[in-house]
Amino acid sequence: MSAKKPMALVILDGWGYREDNANNAINNARTPVMDSLMANNPHTLISASGMDVGLPDGQMGNSEVGHTNIGAGRIVYQDLTRITKAIMDGEFQHNKVLVAAIDKAVAAGKAVHLMGLMSPGGVHSHEDHIYAAVEMAAARGAEKIYLHCFLDGRDTPPRSAEASLKRFQDLFAKLGKGRIASIVGRYYAMDRDNNWDRVEKAYDLLTLAQGEFTYDSAVEALQAAYAREENDEFVKATEIRAAGQESAAMQDGDALLFMNYRADRARQITRTFVPDFAGFSRKAFPALDFVMLTQYAADIPLQCAFGPASLENTYGEWLSKAGKTQLRISETEKYAHVTFFFNGGVENEFPGEERQLVASPKVATYDLQPEMSSKELTDKLVAAIKSGKYDAIICNYPNGDMVGHTGVYEAAVKACEAVDECIGRVVEAIKEVDGQLLITADHGNAEMMIDPETGGVHTAHTSLPVPLIYVGNKAISLKEGGKLSDLAPTMLALSDLDIPADMSGQVLYS
């Protein structure tokens, strides 16, 4: 069997394009490989945000959305737009699963709890959805409505939670019932790297109403956290309970609506509420009517309000149907993105699909090790390219995004330099086997490390375009005006394969 010449796609997570060098970790890093590719190879810029990826206009892209669009080869309307539309149409307020959970709790005189990432960030959740759910619970007769706020500071400025908390305090005052019952940073409640000691702190706060602190109001608790030098993301578990208020600990028969719609950081805390769980020993395990807003994983035996919209003939499925082999490879932090999200929400491998996982380093925050596990990842990727086993390879380097999120500029520069070195090795390997390579990003981040409006640290993604570079033996030029959903059709065309009718993306070269 002759060696295969792979079509590789390397996704540089968080590597956006911005001409201005000010506070731009990518432009100011020493990146001779990427500089040379942008100067000498076919290249263009493509859109990775807003309506072009199925998000609201102007909304920054993110990894889940980016990989879903890339793999689908069509614009995929994201849960954010889908749920917002349902609220506007009135469909949300009549959602059978939400209605049943609320009504059951109301009939039994029990509480309705809502938890989720409380911010307008729009990556994992949107506070507008939580607002609508609180209003819905109140309208359906719930008297005890408890809101458990996971604070952001990652997809939003590091100290921006106060506006959101005030908004909900005002809502409860207007309704004359319900209250904010707890606050905790997403570092604890939304871990995705099996740091169960963090998750346990959030779980105890929810189920036992036990935190490290108790304050009368959420805003007071937040100000105390800032005084302890804890930004939103890292706020320690705090119970909110004024004198004379009853505990909001979760009880048998209560309803719990988890209002995050993005799966990867919702899974761990959700699994703590499922009978079969071994992450830590639970001090309490209330029997709740738990509703996931969307399906976080097929193997979680809980109901969800908005089931997955199935995507037919994604890039991975189409390759599989054509009898081709493919490899998906990344570090822990972005492994779900090159597998589950890239496959349109399909958990299992397609026939002919292999997966390799490289463990991300166990550090508190990635500015402490900006290169992450890029060397080991590249060793495996280069070996895979040279193996002759794969028709297609999809790889993600997480550094630009994961280190960009820390807000530590010097570390982000080092992260970009580490990735550039790795890309040099990948390009060399592709040329050696006469393969083809597209280099792109799923969204921006590291190109803007200071917020131009506030002058503070910028830890969030951007809505700037991302590069697309071709390395290979075809004499092509890349078109302008493309978007992430054009990549799958482009790769199929480069591989001389048919493009399924389901893919509405365009081929980006001529």
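The count begins at 1 with the first shown residue.
Glycine is treated like the rest: Cβ placed from N, Cα and C.
Among the features that Swiss-Prot reports, active site, phosphoserine intermediate is placed at SER63, with the record citing sequence analysis. Sequence annotations record features per position, and here Swiss-Prot assigns Mn(2+) 2 binding site to ASP13, SER63, ASP442, HIS443. According to Swiss-Prot, the feature substrate binding site maps to HIS124, ARG154, ASP155, ARG186, ARG192, ARG262, ALA263, ASP264, ARG265, LYS334. Positions annotated as Mn(2+) 1 binding site by Swiss-Prot: ASP401, HIS405, HIS461.
In the structure shown, the C-beta of HIS461 has more C-beta neighbours within 10 angstroms than that of any other entry among the binding-site residues HIS124, ARG192, ARG265, HIS405, HIS461. Sequence-distant neighbours of ASP13 (Mn(2+) 2 binding site) (same chain, 6+ residues apart, CB-CB distance under 8 A): SER63, LYS334, HIS337, ASN396, TYR397, PRO398, ASN399, GLY400, ASP401, MET402, ALA441, ASP442, HIS443, ASN445.
Look at ASP155 (substrate binding site): DSSP puts it in coil. Within 10 Å of the C-beta of HIS443 (Mn(2+) 2 binding site) there are 30 other C-beta atoms, taking all protein chains into account. In this structure the C-alpha atoms belonging to ARG192 (substrate binding site) and HIS405 (Mn(2+) 1 binding site) are separated by 15 Å. Proximity to HIS461 (Mn(2+) 1 binding site), defined by a C-alpha to C-alpha distance within 10 angstroms, is shown by the following binding-site residues from HIS124, ASP155, ALA263, ARG265: ASP155. Between the alpha carbons (Cα) of ASP155 (substrate binding site) and HIS405 (Mn(2+) 1 binding site) lies a span of roughly 8 Å. The candidate set comprises the binding-site residues ASP155, ASP401. Of these, ASP401 has the most other Cβ atoms within 10 Å. Every protein chain shown contributes to the tally, and the Cβ of ASP442 (Mn(2+) 2 binding site) ends up with 32 other Cβ atoms within 10 Å. The residues near the Mn(2+) 1 site, meaning same-chain residues not in ASP401, HIS405, HIS461 whose C-beta sits within 8 angstroms of the mean position of the site's C-beta atoms, are ASP13, GLY14, ASN62, SER63, ARG154, GLY400, MET402, GLY404, HIS443, ASN445, ALA446, THR459, ALA460, in sequence order.
Take the mean position of the Cβ atoms of ASP13, SER63, ASP442, HIS443, the recorded Mn(2+) 2 site; other residues of that chain with a Cβ within 8 Å of it are ILE11, GLY14, ALA48, GLY61, ASN62, GLY66, HIS67, LYS334, HIS337, ASN396, ASP401, ALA441, ASN445, HIS461.
Taking the Cα atom of each, HIS124 (substrate binding site) and HIS405 (Mn(2+) 1 binding site) are about 15 angstrom apart. Neighbour list (ALA263 (substrate binding site), Cβ cut-off 8 Å, at least 6 residues apart, same chain): GLU64, THR294, GLN295, TYR296, ALA297, ALA336, PHE340.
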